[in-house]
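A.B. asks: What Swiss-Prot shows for this protein is this:
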- Thr30, Met31, Gly32, Pro33, Lys51, Asp87, Gly88, Thr89, Thr90, Thr91, Gly415, Asp494: ATP binding site (BINDING)
Amino acid sequence: MASKEINFSDSARNKLYEGIKQLSDAVKVTMGPKGRNVLIQKSYGAPTITKDGVSVAKEIELADPIANMGAQLVKEVASKTADAAGDGTTTATVLAYSIYKEGLRNITAGANPIEVKRGMDKASAAIIEELKKSSKKIGGKSDIAQVATISANSDENIGALIAEAMEKVGKDGVITVEEAKGINDELSVVEGMQFDRGYLSAYFVTNTDKMTAQLENAYVLLTDKKISNMKEILPLLEATMQSGKPLLIIAEDIEGEALTTLVVNKLRGVLNVSAVKAPGFGDRRKAMLQDIAILTGGQVISEELGKTLEAATLADLGSAARIVIDKDNTTIVDGKGKTKDVKDRIAQIKTEIENTTSDYDREKLQERLAKLSGGVAVIKVGAASEVEMKEKKDRVDDALSATKAAVDEGIVIGGGSALIRASQKVKLKLEGDEAIGYDIIKRAIKAPLAQIATNAGYDAGVVVNEVEKNSKDGFGFNATTGEYVDMFKEGIIDPLKVTRVALQNAVSVSSLLLTTEATINEIKEDKPAPAMPDMGGMGGMGGMM
């Protein structure tokens, strides 16, 4: 077992401080509308240029093991804030550093760390309550565009694209970000439900120019069975043929005789049919088949439910106004299911999202929710170079997450002013070292505004003092113009969720670090260089001299 080094009290906390300071110094330069970029060397490929706080934090590993422990814990603040709110990582990092710095000064002077932590927790909880009271519900498309624009580093084009995407697919819709082939940004919206399964045979294609199979006013057969015997589906095929409507078969698989017969009858013009595999795997496949059944007003033919293909009738089939299938995807537009059934299914999925503890399951449930409730929007980001593309894509991802957070919980004034305004309204009566914890938070809360002002080239002390002097709710500092304005009117806003989560995470980690009394780390042992191999046996070369 490797030897361990142990550090205690002030020695441990001071070394942790060094790591937290280094990480904060690297991250804070990106803050605000006039924040700078950070250039990051990669182990392979070109360096990355980014203004994304969490991307900077993730790259930091320090040589000193104790300083590195401090940096890694604050890195966790940034990551958790990004996971929960999608933005606010730089704010969380700056707050964590400021809280730890203020707290360390007081604890070194003799304050009790546990009492200080208790006061800090009470102060942050009270400030968050004031933030909630001052928040406003997000309005229409223009509010959404403003939130997205600010988070995308004042890029109005990105803000407009995100606002348009949200308008088209709704707040529960899925918006994905991809790289465009050219230099222009684009938005495309997939209407209806789309899943990633294409036709089982190219012979099902009806539009050879686009290589798609298009079915108008079609029936949909859904089963979790593998179909290989034609006799199983013959009664249904005859019934659909007599109805004169096209048919889409969605099954676990269709193979052998069954697939061959479908293709032959399609080519002869006897049947207008297409077939695809069911989306997903295992239990998720069953759930998605049920989603499609509800959307189209059909039934899933499953032996688990006591239903067989031979006994199925037209009444068991779903239907849709239009179905488009290419080699990779199937899109069902205007399913004929009952609106109430679809709404009930959406409510059920939302409940499952709230109850799940798995990020992967939550992501898959949200995809299902989007497919049922409004479709999928794809923002394609264009740029002149790969480096610019990565940086821009990061900004779009941030802006998208911030916008969703704003829709969830509402908005507060931006630019770091909301924290100061909420702090001014909190009047806690605490005693002893708890009061010190309260004062630490009240002082540290000014750090985001101070950093935004510094990055924009203004005197941080003057700016913070000016904002504190004016008690109007919307009053704040516009770092882009250097003016003091009504932030709501100017559209300088932040999602409440981003500000709230940043403060909660910063206080949580900083207060734990302040109550740390000892650190334990491995001592790196310098391994001696390997010995040179024995050169015996080369003596015969002496004659070459």
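Just so it is clear, glycine is given a Cβ too, placed from its N, Cα and C backbone atoms.
For the listed features, I'd like the structural context: burial, neighbours, distances.
C.D. replies: The Cβ of Gly415 (ATP binding site) has 28 other Cβ atoms within 10 Å, all protein chains considered. According to its DSSP assignment, Gly415 (ATP binding site) is coil.
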A.B. asks: On a count of neighbouring CB atoms within 10 A, which of the binding-site residues Gly32, Gly88 is highest?
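C.D. replies: The largest 10 Å Cβ neighbour count belongs to Gly88.
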A.B. asks: Specify the secondary structure state of Thr90 (ATP binding site) as given by DSSP, simplified to three classes.
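C.D. replies: For Thr90 (ATP binding site) - judged by DSSP and reduced to three states - the answer is helix.
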A.B. asks: I'd like the Cβ neighbour count for Lys51 (ATP binding site), meaning other Cβ atoms within 10 Å of its Cβ, all protein chains included.
C.D. replies: 21
A.B. asks: Over the residue list Thr30, Met31, Gly32, Pro33, Lys51, Asp87, Gly88, Thr89, Thr90, Thr91, Gly415, Asp494, recorded for ATP, what is the maximum interresidue Cα distance in Å?
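C.D. replies: Those residues reach a largest Cα separation of 17 Å.
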